[in-house]
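Notes for the one structure printed next.
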Amino acid sequence: MALRFEILHQSKKSRARVGRIETAHGYIDTPAFVPVATNGALKGVLDHSNIPLMFCNTYHLIVHPGAEAIAAMGGLHQFIGRNAPIITDSGGFQIFSLAYGSVAEEIKSCGKKKGGNTIIKVNDDGVHFKSYRDGRKLFLSPEISVQAQKDLGADIILPLDELLPFHADPTYFHQSSQRTYVWEKRSLDYHLKNPGIQSMYGVIHGGTFPDQRKLGCKFVEDLPFDGSAIGGSLGKNLQDIVEVVGVTAANLSAERPRHLLGIGDLPSIWATVGFGIDSFDSSYPTKAARHGMILTLQGPLKINNQRYSSDLNPIEPGCSCLACSQGITRAYLRHLFKVHEPNAGIWASIHNMHHMQKVMREIREGILNDRI
């Protein structure tokens with residue numbers, strides 16, 4: 001079955017809504033946080049059964065072990081032992097981000113290429129690039145990307161698009177946008193030949209230009225995508241993100257689920273959920289955990305700080321995550337980080353992921369009560 005989306009409550013205070021997405025592998029209560037499992041695994045988190053939707057990266061899975069190899073083993077759900085919904089990207093984000101650097105690096109570098117020029121050539125056919133593992137030459141077209149995602153068997157898939165740096169040349173930005181929408185149409189056409197149980201979201205580009213965002217919305221809305229994903233460069237700070245997401249969401253129909261690509265830190269979630277965003281993906285909680293940043297209701301806690309060296313309180317008093325319920329103290333967790341014990345990142349990641357799910361439940365409750 002393709003996904004079904006139902007709005008259960010529309011807030012009287014904002015455009016925020018509580019909904020439910022149903023897929024062949026289960027349902028997702030929205031708004032939802034979607035953690036990124038780059039290679040099919042959440043770093044530092046052993047149990048993902050309580051995570052409603054997980055984001056896996058097609059590019060990395062193509063490079064190793066290969067989409068066809070995963071298909072031969074029954075698909076991604078079987079391969080990683082997950083009986084719950086999965087979303088995959090097209091592979092384009094990783095290709096272009098490896099060439100230009102992360103979003104933050106794009107901004108700082110004003111679009112100068114990073115990563116040893118992994119992109120060989122981009123044209124209307126697709127993108128020629130080098131594997132980050134062994135340097136072999138690879139090619140990704142809209143059709144190849146979608147077929148790879150069909151081999152993986154994710155519940156929600158994305159069309160191939162081109163990610164540009166924040167300060168891309170305006171002329172090339174226009175050319176890229178036009179090419180991206182051609183790629184998206186080709187991706188959708190290929191998908192619709194044999195949709196199976198999968199659904200495809202259209203990706204809306206346009207940078208920080210409101211008129212381009214509106215054009216992107218019209219493009220996606222006019223095609224039979226199952227949902228909408230707000231993608232591309234969203235600006236250089238939270239204010240830019242809020243402005244871009246606000247304009248974009250206002251030009252999308254309410255009937256389709258809306259996903260915000262690559263944005264899932266708590267300040268951004270709180271700032272944009274009121275626009276009616278239904279899901280947010282990010283590696284934020286696990287990456288923060290590996291660097292000793294602990295998420296709490298009182299704000300982030302830098303566990304490496306000397307003040308926690310003899311603190312025998314749980315990581316967060318009152319928290320029911322596995323780490324806190326097993327009595328992992330702040331002093332002990334700090335010690336593990338200081339001696340570079342791998343368990344440090346594991347306990348911190350378990351806590352941070354639990355915290356994100358807790359915050360999303362609170363957000364849904366706030367919307368249901370018209371407080372958000």
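Including glycine, each Cβ sits where the backbone N, Cα and C put it.
What Swiss-Prot lists as active site, proton acceptor is Asp89. Per Swiss-Prot, active site, nucleophile is recorded for Asp281. Annotated substrate binding site per Swiss-Prot: Asp89, Ser90, Gly91, Gly92, Phe93, Asp161, Gly232, in sequence order. Per Swiss-Prot, the feature Zn(2+) binding site maps to Cys319, Cys321, Cys324, His351. Annotated region 'RNA binding' per Swiss-Prot: 262-268, 286-290, in sequence order.
A map of Swiss-Prot features onto the structure.
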{"residue": "Ser90", "record": "substrate binding site", "contacts (Cβ under 8 Å, 6+ apart)": "Thr58, Leu140, Ser145, Val146, Gln149, Ile157, Leu158, Pro159, Leu160, Asp161, Ser187"}
{"residue": "Gly91", "record": "substrate binding site", "contacts (Cβ under 8 Å, 6+ apart)": "Asn57, Thr58, Tyr59, Ile62, Leu140, Ser145, Ala148, Leu160"}
{"residue": "Gly92", "record": "substrate binding site", "contacts (Cβ under 8 Å, 6+ apart)": "Tyr59, Val127, Leu140, Ser145, Leu160, Asp161, Glu162, Leu163"}
{"residue": "Gly232", "record": "substrate binding site", "contacts (Cβ under 8 Å, 6+ apart)": "Asp161, Leu163, Leu164, Val203, Ile204, His205, Gly206, Gly207"}
{"residue": "Asp281", "record": "active site, nucleophile", "contacts (Cβ under 8 Å, 6+ apart)": "Phe33, Val34, Pro35, Val36, Phe55, Ile87, His259, Leu260, Leu261, Gly262, Ile263, Gly264"}
{"residue": "Cys319", "record": "Zn(2+) binding site", "contacts (Cβ under 8 Å, 6+ apart)": "Thr296, Ser325, His351, His354, His355"}
{"residue": "Cys321", "record": "Zn(2+) binding site", "contacts (Cβ under 8 Å, 6+ apart)": "Ile315, Ile350, His351, His354, His355"}
{"residue": "Cys324", "record": "Zn(2+) binding site", "contacts (Cβ under 8 Å, 6+ apart)": "Pro314, Ile315, Glu316, Pro317, His351"}
Give me the count of other Cβ atoms within 10 A of the Cβ belonging to Phe93 (substrate binding site).
21
In the same chain, who gets a Cβ under 8 Å from the region 'RNA binding' (286-290) while lying at least 6 residues past its ends?
35-36, 42-45, 300, 345, 348-349, 351-353
Residues that sit under 8 angstroms from the residue listed as 'active site, proton acceptor' by C-beta distance, when 6+ apart in the chain:
Phe55, Asn57, Thr58, Tyr59, Leu158, Leu261
Using a 10 Å cut-off, grab the number of neighbouring Cβ atoms around the Cβ of Asp161 (substrate binding site), all chains included.
29
In the region 'RNA binding' (286-290), how many residues does DSSP put in helix, strand and coil?
5 helix, 0 strand, 0 coil
For Asp281 (active site, nucleophile), name the DSSP secondary structure in the helix/strand/coil scheme.
strand
Cβ within 8 Å of the mean position of the Cβ atoms of Cys319, Cys321, Cys324, His351: remaining residues of the chain near Zn(2+):
Pro314, Ile315, Glu316, Ser320, Leu322, Ala323, Ser325, Ile328, Ile350, His354, His355
Around the substrate site recorded as Asp89, Ser90, Gly91, Gly92, Phe93, Asp161, Gly232, what other same-chain residues have a C-beta within 8 angstroms of the site's C-beta center?
Gln94, Ile95, Phe96, Leu158, Leu160, Glu162, Leu163, Val203, Gly231
Helix, strand and coil counts within the region 'RNA binding' (262-268) (DSSP):
3 helix, 0 strand, 4 coil
Using the residues the record lists for substrate (Asp89, Ser90, Gly91, Gly92, Phe93, Asp161, Gly232), what whole-number Å value is the largest Cα to Cα distance?
14
I'd like the number of other C-beta atoms within 10 A of the C-beta of His351 (Zn(2+) binding site), please.
27
